[in-house]
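According to TrEMBL, the protein carries these features:
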- Y150: active site, proton acceptor (ACT_SITE)
- Y160: active site, proton acceptor (ACT_SITE)
- G15, S21, I22, I95, K167: NAD(+) binding site (BINDING)
Amino acid sequence: MSYNLLKGKKGIIFGALDENSIAWKTALRVHEEGGEFVLTNAPVAMRMGQINKLAEQTGAQVIPADATSLEDLENLVEKSMEILGGKIDFVLHSIGMSINVRKGRHYTDQNYDWTQKGTDVSATSFHKVMQTLYKKDAMNSWGSIIALTYMAAQRVFPDYNDMADNKALLESIARSFGYFFGKEKQVRVNTISQSPTPTTAGQGVKGFDGFISYADKMSPLGNASAMDCANYIVTMFSDLTKMVTLQNLYHDGGFSNVGVSNEVMEAFTKDA
Ligand SMILES: NC(=O)c1ccc[n+]([C@@H]2O[C@H](COP(=O)([O-])OP(=O)(O)OC[C@H]3O[C@@H](n4cnc5c(N)ncnc54)[C@H](O)[C@@H]3O)[C@@H](O)[C@H]2O)c1
């Protein structure tokens with residue numbers, strides 16, 4: 001169902017790798033709501049991914065960019081404005097990667113070169129994206145910028161490893177940059193803290209299957225899916241949420257405010 005919430009709006013969507021990606025579902029929903037956009041991902045991800053299929057489906061053009069490279073980001077922002085015929089209304093940063101997680105290095109035994117790379121890709125890249133947009137004055141007033149995060153930024157999830165620290169930094173960058181973007185250009189910046197979701201990045205976390213079921217049982221509404229997240233992002237890109245900025249918005253079926261649920265208690269109660 002379409003509400004035409006994004007009619008006439010133009011944007012950039014980072015991070016659609018395959019059809020499970022949150023960014024992939026977001027691109028489909030934004031397209032349905034009348035938004036136009038450029039799709040981008042790291043050149044290496046493009047070779048593995050199926051982004052051209054999504055581009056065809058949504059009438060989008062694809063511009064490769066490593067989100068850690070200022071040169072790539074400058075090219076991306078310039079080309080996007082050319083293709084879309086003007087300034088940008090919405091940006092989705094849907095990027096995350098930890099080499100320590102990928103290679104099974106424990107949090108207490110990090111390879112710091114990998115840690116640094118993960119921070120650059122997962123958190124600093126958000127600053128780089130915003131700084132590039134800001135310096136080029138590429139955002140329209142009342143535009144909306146969203147990055148995706150996870151609650152491990154606030155609470156301990158042992159296997160989330162150094163991604164927890166990256167997410168804490170990402171959320172802080174959203175607030176700090178959001179201040180200047182709001183003051184100078186009336187642009188809002190928020191992070192959405194999503195439920196565990198079966199994607200390539202999500203499944204990279206150790207014990208993901210057990211964890212996703214646990215989160216589902218803890219949440220009164222159950223886990224939010226990638227498509228639910230796409231719907232939420234659409235509302236955040238729309239004019240209906242104009243005064244929301246500098247927020248970390250939980251999109252998790254209620255998980256973040258639950259101490260324990262009956263289902264989880266039952267698993268620990270002897271005579272249940
Ligand atoms: N899946 C979950 O459980 C979950 C939960 C909360 C938040 N998130 C966050 O959602 C976002 C999207 O992840 P996803 O779950 O859709 O997984 P995904 O694997 O589909 O997406 C991650 C994307 O990051 C891209 N990327 C990696 N390095 C890059 C670089 N240098 N430059 C540009 N792009 C790069 C990948 O190519 C990929 O498209 C991430 O920030 C992730 O941390 C995921």
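Think of each number as a place in line: the chain as shown, counted from 1.
A Cβ is built for glycine as well, from the same backbone N, Cα and C atoms used for every other residue.
Here the features listed in TrEMBL are placed on the structure.
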{"residue": "G15", "record": "NAD(+) binding site", "DSSP class": "coil"}
{"residue": "S21", "record": "NAD(+) binding site", "DSSP class": "coil"}
{"residue": "I95", "record": "NAD(+) binding site", "DSSP class": "coil"}
{"residue": "Y150", "record": "active site, proton acceptor", "DSSP class": "coil"}
{"residue": "Y160", "record": "active site, proton acceptor", "DSSP class": "helix"}
{"residue": "K167", "record": "NAD(+) binding site", "DSSP class": "helix"}
Residues satisfying Cβ distance under 8 Å from K167 (NAD(+) binding site), sequence separation of at least 6: S122, A123, T149, Y150, A152, A153
Neighbour count (Cβ, 10 Å) for I22 (NAD(+) binding site): 26
Neighbourhood of I95 (NAD(+) binding site) by C-beta distance under 8 A, where only residues 6 or more apart in the same chain count: F14, G15, A67, V121, S122, S125, F126
Fewest other C-beta atoms within 10 angstroms, as judged across Y150, Y160, which are the active-site residues: Y160
Spatial neighbours, same chain, of S21 (NAD(+) binding site) - Cβ under 8 Å, 6+ residues apart: G15, S94, T199, T200, A226
Y160 (active site, proton acceptor) to I22 (NAD(+) binding site) - Cα separation in whole Å: 18
Around the Cβ of G15 (NAD(+) binding site), the count of other Cβ atoms that are within 10 Å: 25
